[in-house]
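> Below is the structure I would like to discuss, written out as structure tokens.
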Amino acid sequence: GLFPAVLNLASNALITTNATCGEKGREMYCKLVEHVPGQPARNPQCRICDQRSRVPHQRHPITNAIDGKNTWWQSPSIQNGIEYHYVTITLDLQQIFQIAYVIVKAANSPRPGNWILERSLDGVDYQPWQYYAITDSECLTRYNIHPRPGTPSYIKDDEVICTSYYSKIHPLENGEVRSDGILCMQNENILFGHLILFFNAKMMKTNVSKLLILWVELLMEGHKEVATVELLFVLEYYYSIKDISVGGMCICSGHAKACPLDPVTNKSVCQCEHNTCGETCDQCCPGFHQKPWHAGTFLHKHECEPCNCHGKTEECYYDQDVADRNQSLNIHGEYIGGGVCVNCTGYTGGINCETCLDGYFRPKGVLPDSPDPCQPCSCDPNGSLNDTCVKDEKHAEGDMLPGFCHCKTGYAGESCNRCALGYKGYPECLLCNCSLKGSENDDPCIGPCICKEHVEGENCDQCKPGFFNLQQDNPEGCEECFCSGKTNICTHSHLTYGSIEDMNGWHLTDLPGLIRVTPKQKRFDGHQQFSISNVAARKVLPQTYYWSAPSSYLGNKVTVAGGHLKFTVSYDFTDKEETVQLIAQSDVIIEGGDLIISTPKGGIHLQPSEELTEEIVLKPESFSVHGTDVPVSRREFMTILANVKRILIRATYSNGMNAIYRLRNVIMEAADHTSTGRKVASAVELCDCPPGYDGTSCELCWPQHRRVNGTIFGGVCAPCTCFGHADSCDDITGECLDCKHNTGGSYCDRCLPGFYGDPTKGTAEDCQLCACPLNIPSNNFSPTCHFDRSRGLICDECPAGYVGPRCERCAEGYFGQPLIPGGSCQPCQCNDNLDFSVPGSCDSLSGACLICKPGTTGQYCERCADGYFGDAVDARNCQ
């Protein structure tokens, strides 16, 4: 960025104060002098201050503080009243500047004791910049701020501190106070962001509130009368300032290195550069809004960039949404930025004035920056849909060229001013008897009608049964229904083509697909582009390698039939190649099912530094069996589209080792119910599928059905044997996928552990949660169970202490209530002295010990019975 020099702003400021000595009349003051203990005091140096005096050195106005001369301002001494401890000085810089430092030099008195340096942007609201106190303790007691001991330092760039460093009694005169502001900061963005307001000021104010007192003077004795001492004391205490320097610079946002003073306005004016404008260079100049304005920094200029309006206007604005969508072309030919041109001239419009208005067109070969690129359309009102025509090559489709009008059915010509083939009688242009699409007549208006091979009807205007999509460029008239071999009843779709465009997940590979290399990726021309260095690729790949498409282009793609596959390729060399031999290979390879097909081997002959956009029609005639000249049948082509495994686009076009190969803008058209395109997907068949089959070509199965062995043409959709517990099953094995309803097994024919029932019934409630004895976690004590037709639910793994078919009772030696929520079976606390040979020796509900082993007794069988001796608890040896 650019920044003006730091100057002393005080010399051009307006300065005022609320107190100056001699304003109310002639008054005496005395300089404070040193006292040496044990020696007589020096004679005081007393002078007169009188603002009305004709003697210059007796006048000490506030303007003396900024005149750059050896004069000074002085306040009234406290002889005039204790209120003169409190004095305010205001400095008006007359415009907002960025302040680098403030230096205040005292004159013939010590520096102030307690005072505040404040700043303001408007002269009304003042904010503190720095606090000064006689002692560190007064920072807390007077300003409620923790002191910063020693030389002033800053933890944060915008910190307001309190210091006693400059509030010392010595020196008695010519002392200095500094506030270095920006000069102390470390942040490289100090001039911008959240710090900018902290260092900006239009008004500055010093509020002094306490004089420094040399108390030893009052302690002098034996040389003067007390009254004399007191008089000298009050005459020696006042404020004086010899110079105020304010270092600062104009706020030019990092876009100006000069800021001269305008003699008319007496204000400094930024001389903005970097195509910026405004009082502080805080906006881009008109016509320079390709990128948003940013303040210049020490590291970056952030220069405003001109919009690319192709010379048709100088007005534009920045639009972030346009930038996010990469729709604005910059002056370097890249879609980077968000400049939007307005008030385009020459009948142009668009974001960059790159297109023509409705009713105008830009002829082929004419560039948008030509002086008069747009010419009026010339459309015949009889045959044209409207008065607009193809605006430019970007909007041209098929055989249309810029300037061609959009004709009504039956009309043709650039201006739609004649009848199309198959119509007669301009300007009415009535349909001829013989179908232009289905007849072989040289002139469809002259009968009788001769139908193409797969066409029938008196006028040759309908496909024979088993065929669809009557087209003029089809020598046989109609295509055979594929329908995966399940029906011969089909018709063409009325869907329109949408676009599959996904530049994420592309990689480079060899023909077998054994090696995978990730390319570099960058933004270019508004779309993602991939590049690969041949030197890097050849470390692992053979001489010929390919771009491999991601999953969005693969799988079931029968609805791309008749659509286009479009992509842009280019390459250049990092070093000059002596000789370049071009490689002839197939440009596109598609693998699906058990077949690989490819475009003709001749392919694109691409020269270095040339960019070429290839467009391939996805129909059988565009391909052959890879490595041969064997044509691809419609059945084979549709079988591949039903399960596309790989799409490869050739990457290599020469034998040059230093080549950089690039790929961008891969677009595959596919019929889509949500598409709003204008191109009808008539080559996509809509089959009348039998029960169990689905998809436009019966290539899919109903839910809960499988394609036996994965066979497409002639394959069978058989119901899955999953008893209604899975939506799909494996085409090869028939095993069910993702069993539901708490079922498992290859065919969802078993209940999961913890459930019981008969899954073959085919309902969602077939498998119920085990209840051992209850179906809540706290009272379900067996991990598995089964259903016995005679005994009902049987729990398989009751833990120790539980018995019964459903773990519903406590075993001998245990007590509790497992049938009550939260209840369980616990061991009876009888010191292992129960007699288990007798049923019910322990109460199964309360745990009371009822029948102890012979020789023991007590509530817990804890002692030897009468007539026995020993230890019933530990040794258990009653005898």
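From the backbone N, Cα and C atoms, a Cβ is placed for every residue, glycine too.
Please treat TrEMBL annotations as automatic predictions, because they have not gone through curation.
The annotation domain 'Laminin N-terminal' is assigned in TrEMBL to 1-249. The annotation disulfide bond is assigned in TrEMBL to Cys377-Cys389, Cys407-Cys416, Cys451-Cys460, Cys739-Cys748, Cys798-Cys807, Cys852-Cys861, Cys864-Cys878. Feature annotation from TrEMBL assigns domain 'Laminin EGF-like' to 377-431, 432-480, 720-769, 770-827, 828-879. The domain 'Laminin IV type A' annotation in TrEMBL covers 501-686.
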> To the nearest whole angstrom, state the Cα distance for the pair Cys861 (disulfide bond) and Cys748 (disulfide bond).
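With the alpha carbons as reference points, the distance is 54 Å.
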> Say we define neighbours as other CB atoms within 10 Å of the CB. Which of the disulfide-bonded residues Cys389, Cys416, Cys748, Cys852, Cys878 has the fewest?
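Minimum Cβ neighbour count within 10 Å, taken over the disulfide-bonded residues Cys389, Cys416, Cys748, Cys852, Cys878, occurs at Cys878.
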> With every protein chain in view, how many other Cβ atoms are within 10 Å of the Cβ of Cys807 (disulfide bond)?
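28, counting other Cβ atoms within 10 Å of Cys807 (disulfide bond).
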> Determine the most Cβ-crowded residue among the disulfide-bonded residues Cys451, Cys861, Cys864, using a 10 Å radius around each Cβ and all protein chains in the structure.
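Highest number of other Cβ atoms within 10 Å: Cys861.
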> Measuring Cα to Cα, how many angstrom lie between Cys852 (disulfide bond) and Cys864 (disulfide bond)?
10
> Tell me the Cβ contacts of Cys377 (disulfide bond) under 8 Å, same chain only and six or more apart in sequence, or just say none.
Gly359, Tyr360, Phe361, Asp387, Thr388, Cys389, Gly403, Cys405
> For Cys878 (disulfide bond), name the DSSP secondary structure in the helix/strand/coil scheme.
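Reduced to three states, the DSSP call for Cys878 (disulfide bond) is coil.
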> If I take the alpha carbons of Cys451 (disulfide bond) and Cys416 (disulfide bond), what is the distance between them in whole Å?
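Between the alpha carbons of Cys451 (disulfide bond) and Cys416 (disulfide bond) there are 28 Å.
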> Restricting the comparison to the disulfide-bonded residues Cys460, Cys739, Cys748, Cys807, Cys878, which residue's C-alpha is spatially nearest the C-alpha of Cys407 (disulfide bond)?
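Comparing Cα positions, the closest of these disulfide-bonded residues turns out to be Cys460.
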> When a 10 Å sphere is centred on the Cβ of Cys739 (disulfide bond), how many other Cβ atoms does it contain?
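Step by step: centre on the Cβ of Cys739 (disulfide bond), count other Cβ atoms within 10 Å, giving 22.
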> List the Cα distance (Å, whole number) between Cys878 (disulfide bond) and Cys748 (disulfide bond).
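Distance between the two Cα atoms comes out at 61 Å.
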> Roughly how many angstrom lie between the C-alpha atoms of Cys460 (disulfide bond) and Cys798 (disulfide bond)?
81
> Tell me the Cβ contacts of Cys798 (disulfide bond) under 8 Å, same chain only and six or more apart in sequence, or just say none.
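Result: Cys772, Phe781, Ser782, Gly804, Cys807.
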> Can you count the other CB atoms that lie within 10 A of the CB of Cys407 (disulfide bond)?
21
> Limited to the domain 'Laminin N-terminal' (1-249), I'd like the whole-number average of pLDDT.
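Averaged over the domain 'Laminin N-terminal' (1-249), the predicted model reaches a pLDDT of 82.
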> Cα-Cα, whole number of Å: Cys748 (disulfide bond) versus Cys416 (disulfide bond)?
66
